[in-house]
Structure formats: structure tokens, C-alpha cells
Amino acid sequence: NYLTRVFERNHVSYEIIQRNNLLQHYPSDFDIVRFSGDEQIINALKKHPVIRAINSHRQILRYIQYSTIEEDEEITGNKRKLHRSPSNHIRIAESLQAPKLWKMGHRGAGIHVAVFDTGIQDGHPHFPNIAEVTNWTDEKNDHDTIGHGLFVAGVIGSNKECLGIAPEAQLHIFKVFTNNHISYTSWFLDAFNYAIIKKVHVLNLSIGGPDFMDQPFIDKVWDLTSNGIILVSAIGNDGPLYGTLNNPADQMDVIGVGSITVDDAISRFSSRGMTTWELPAGYGRMKPDLVTYGSFVRGSNLVSGCKVLSGTSVASPVVAGAVALLASSVLHRTPNIINPATLKQALLASAHRIRHANMFEQGHGKL
């Protein structure tokens, strides 16, 4: 092929890295190549019409971090903090009045939701509706030894005890972070391509980072939404400073979610807008898109039972679950409206403004 000819013509040793995952037998839109060479080699590759770009293969600059804190401690910095069963925890489904739709027969059935996180525990009693579990990391199994991915999945679709918002949604669990919180752009790209192949309706990313220069990642996010996948992502835990948004939640085609407390106040840790992509050439855009409960939310524990977690990584699956619930209510009547533009507009148009919070803190308002 072209890569082989270019490298051999320039007497450069190279290796095309094989990817041992579900997509190894599918056509791919990228290759991972290890080689030593100069700018001349790179320029030769860039000139070929089928090569869109060449980027370094790097550890992904998006992260999920954890630390255990006491009930009365504040949350600062980009961390998803575990709490010890505070008395003011939020039963999220009841707080958002999801049971009203449940009584009408809408519980998320027929909607496929992808959860990109740290995996899940096999045989967990809260999850009878797991469509599949896939591992995109270099670890040998898809078990979640941390509990973050399992908690996020539970907020969306737990069917027992601490109920998720859409308890009958079909969950597709994508393990894209190792148990040491490591990931690479290529892992995400392959997993994103698989989500497109599987035609999931909703994709939740409770991760984030300040890096909006990772062009392959950003391009693939656009591919997801252009293929009709509704992408929901955490805006970040770098508040209360402004201009601290995380990617991909700061992208226009993504529903970027911030956090509020049980008292409808903006969580101190929730990142604030405006977007920084456009600076210094102009003004940034308004983000987050909306906010919802992300402080002291009750969800699934690692083995069984429930625990409490705070962070925008909790607020994001709340919105993803709400999208799944809404989508299930129209699935058999007008399925064509289940798309990123329509569902996002429905959420923003129905959001309620919060007093004493500006647009860079709350976006369009509370879910």
C-alpha cells in the first residue's frame, strides 16, 4: 500500500501497530504507525490524497479522578468525589419526576445508550438490560474495579434499589479507561466507530479535559452526531473560575452538562463558560447547555447496594438518561425526531432558568 511504498522508498523502518479489539476485522479510517523519520517523511505522507492528517499517538488528555471526602467538605478541582452517605442525597429519578413517564409506559425501552467509562461488574443485580460490554483498553478484562463507570451506568439505567432514569434502556458498556485511569485517543476512535456501527441512540461521556486541539478526537465526535448519535458530556469540575470548560462538552453538537445542588444552586465545582476555542480572535460561546443535579446523587455501588457521588460526571448521565426516556416516548410514533438537533432543542427549550446564576454558569437553565 501507499504507506509501505513511502517508508521503503525513503529507507525508513516502520511498524503498523495492530489493534486487538472488535474492529480489527472492519475497515478503519486511521492507522497507528511507529517509525523514526524527519519532516520530509511526514510531508511525503501528507501529500497523498487519501491521508487526511498525521497526528502523534498520545495518551488522551481527558480524565476522571477520584477522592473520598467527608460530607461537609467542598469539591474543588477536576475530581469526581465519593461521599459517605450524606443525609441530603438526591434520588435522581424521583427528583426529576421520571415516575410520571414510567406510569405512562415510557421507561426507556428500545433506546440504546452507550456508556464510555471504566466498564462494569459482571452480574451486577441492578443491570438486567445490558446489551453488550466491550473492552477497548489494553487490559485483559472489562471489569470496573473503581466503580465510576458502574455508577454512571446506574444513573442512566439501574433497574433496582437506586433506580436510574430510564431503567429499561439497553446499555452498551464501553470500557475506554483502564483501572489506572489511562486512555489513548486511538481507543476512543475505535470505540466511537463501533458505536456508529451499532447505531446507538445516545452516548454518555462523563469525562473531560482542556484539550480541544486533539483533532482526530474532535472530528470523530462530529462523525458521531452526523450519524444521528446524541452525545452528552460533562462540562468539567474546574469551577468556580470562568473559561474552564472541558472538551468535548464545549463542542456545539454536544450537550454539555453542568451541575447544581439539591437547593438549585450552581455547584461550586461545576466549570463555567465561555468557550475558549474562539479566543483571542473573538468572543466565546455560551456553555454549558444546561445544568442538572450533580451533588450528592444516589446511584449503584460497585458490588451491590447504593452509594453517593458528586461531580459533573454524575450530572451528565442524568441528562443522558432523560434523553433516553424522552426518546422512548416517541420511538414507535415518530422515530425520525430522535436525533441530536431535535432532542437537544427539546431539552433547552424546556429548561427552567435559575435565579442568581448567569448564562455562563447555567446555560439555558435547569433540566
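For all residues, glycine too, the Cβ spot is worked out from N, Cα and C.
Feature annotation from TrEMBL assigns domain 'Membrane-bound transcription factor site-1 protease-like N-terminal' to 1-58. For 108-365, the entry in TrEMBL reads domain 'Peptidase S8/S53'. According to TrEMBL, the feature active site, charge relay system maps to Asp117, His148, Ser313.
Structural mapping of features recorded in TrEMBL.
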residue	record	Cβ within 10 Å
Asp117	active site, charge relay system	26
His148	active site, charge relay system	25
Ser313	active site, charge relay system	33
By the DSSP assignment reduced to helix, strand and coil, which category contains Asp117 (active site, charge relay system)?
strand
Which residue counts does DSSP give the domain 'Membrane-bound transcription factor site-1 protease-like N-terminal' (1-58) for helix, strand and coil?
16 helix, 6 strand, 36 coil
Pairwise CA distance, His148 (active site, charge relay system) versus Asp117 (active site, charge relay system), rounded so that it is a whole Å:
7
At the Cα level, what's the spacing in Å between Asp117 (active site, charge relay system) and Ser313 (active site, charge relay system), rounded?
10
